[in-house]
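These come from TrEMBL:
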type	residues	note
REGION	1-158	region 'Domain I, interacts with DnaA modulators'
REGION	96-207	region 'Disordered'
COMPBIAS	96-105	compositional bias 'Low complexity'
COMPBIAS	106-117	compositional bias 'Pro residues'
COMPBIAS	118-157	compositional bias 'Low complexity'
COMPBIAS	158-168	compositional bias 'Pro residues'
COMPBIAS	177-198	compositional bias 'Polar residues'
REGION	224-248	region 'Disordered'
COMPBIAS	225-236	compositional bias 'Basic and acidic residues'
DOMAIN	285-425	domain 'AAA+ ATPase'
BINDING	G296, G298, K299, T300	ATP binding site
REGION	480-601	region 'Domain IV, binds dsDNA'
DOMAIN	509-577	domain 'Chromosomal replication initiator DnaA C-terminal'
Amino acid sequence: MVDSSNLYETWQLVCAQVKSYDTVNAIQVDAFFGRLQPQAISDGFLIVTADTAFIKDQVERRFLTTIQQALKDLFGIDYLVEIEVDPTAGQPLVTAQAAPAQTVPPAAPHAPYPSAPAPQNAAPQPAQPIFATPPVDATTSPTPYAPQAQPTAEQPAAPAPTYVPTPESPAANNANQTVAAQESISPAQNHAAEQTNPVDRMPSFMPEEDSSFEEFMMENANIAKPERMEGSREDQQNTNREQGKRGVNSALASSLTFETFVVGNSNRLAYSMAVAVAEEPGKKNLNPLFIYGRSGLGKTHLLRAIQNYILTTNEHMHVVYIDSAEFLSDYTAAVAAHDKNKDSYQNFQNRYLDADVLLIDDVQYFQGKSATVDIVFQLFNKLTDMGKQVVLSADRAPKMIDIDERYTSRFNSGGTYDIQPPEVETKLGIIKGFIEEYRTSENAYDLYVPEDIQMYIAEISSSNVRELKSAVTKVISQITYFDNPDISLADVRSLLENHFSSGAMKRLDVGSIQHEVERYYKVSHADLVGKKRSRNIAYARQVAMYLCRQMLDIPYNDIGKKFDRDHSSVMYSVGQVEEKLTKSRDLQEELELIIKNIREN
């Protein structure tokens, strides 16, 4: 078991072990590791900071796997290693003026680890789960954050360096710097420290790329800290289960069932697989189940339907539904609370590891957040290894999510099914179901929406089911609240003229389409409309011309003027894309994503 009280000594052992491998260049280790500072370590978890994003990137690319191997060789278990950027790494801790100082034994200026031969490997230990359950007496267990050195019999208690940065105290200290004694801090300073805004005391290992974390904390500076779970592990599991049951019983969530889901050709397969998972969670060929499709097509409905079905038919099972934003906030709260509650991170893990079925919505928002993705997949792997069910949803196919390829392959390791935009018949079924639901919930049994109006809404609506229901709500409001039971088709045309995102309200133009295509394919505007004919530029140009024709319905000649091309060139480009669309599902998904970005931006 790792001794978290001797953080720097442990880090020195790890560095020496890395340098001992034949495949590692010790000079490169010295160069890069001298720019790293350890922040926290516990069984299965290590956090270090780099002073620049460049160093972080280089260490992750060159040494991350080697560091993990060294940790496993030394301590006998797998480790999750996080490297974050902290510009203060390598700077000394600020000491109080005139305070008596205690000198830490010096080390090499650019290498805070010994260059001595590598130590003998630690004796093998029994394999432990990566997210190990802490002892009941959590005060004696190592924690993944901010460990502090403990006094020994030979060495009297001395102030330990803090590894949680504040504006007055940098995140890490060099081994050859001095640390101020605690007795030099006045009661007034102690009080001021206690009153520090939680945002100012955020741990240094908060992922820099997760800007949503920082925004969340800035907007919730007085965020409530998760309460510490007292009692046995079984008590914690029972608490988690009760919280999970309470969480689903909102009116909105409880109405999202398989019975209220309108099935059509566009969603039949995804629906069938969701039912199969709900009836028999944990089946290997459907674990994980990954459902994807554009926003508003019913992915959340299916996830909630799985949850409701299991809670109704298998009351002993614990089901957790969470969207990516809530997961990020939950993680942030656990990190922020760790300063006062050392169990907060373990409780965060347990909330998900206690689930028999875990459903995570909108996982595309994890892209660009490597530290968070690592945590998600540690949970993911642990649950599936135990035969527990995982269900994920996103607005795009797994391969279109910008995360490491090894994670994408895990997304695809079970069943992956898409939901296509609904055809007119399915939209008409949704409209009829929504009207009937309104009649029942509002006791408005005399409400009548003419068939021609229902069909008109189905034909002109976008693929977004939320927009479709909103349009029906507008019509119902016009009938009921404005006392217009004889509403005509002409009235509805006027009422919904600018309602749908694909309608006139977006005021799309060629420039908007060009901009999104350039951004998606990473080509410049000059290249897109210029004479270059390299494969990637020509491909992006053809897609842009096709989208202009489809979304704006303007003459080929007008499109050509915006691309400095003639009428025939535009016709050829549009024809090429149309032909490829009949054969390439990848291109279909690319266009769906670009169109979504065009409409949203």
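Each residue, glycine too, has its Cβ placed from N, Cα and C.
Not measured: the values here are computed from a predicted model.
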Per-region confidence, the domain 'Chromosomal replication initiator DnaA C-terminal' (509-577) (mean pLDDT, whole number): 90
Least surrounded among the binding-site residues, given as G296, G298, when other CB atoms within 10 Å are counted: G296
Tally of residues which DSSP labels helix, strand or coil - the domain 'Chromosomal replication initiator DnaA C-terminal' (509-577): 53 helix, 0 strand, 16 coil
G296 (ATP binding site): secondary structure state under DSSP, collapsed to three categories: coil
Cβ packing number for T300 (ATP binding site), 10 Å threshold: 21
Other same-chain residues whose Cβ falls within 8 Å of the Cβ centroid of G296, G298, K299, T300, the recorded ATP site, in sequence order: G293, S295, L297, H301, L302, S393, I419, V465
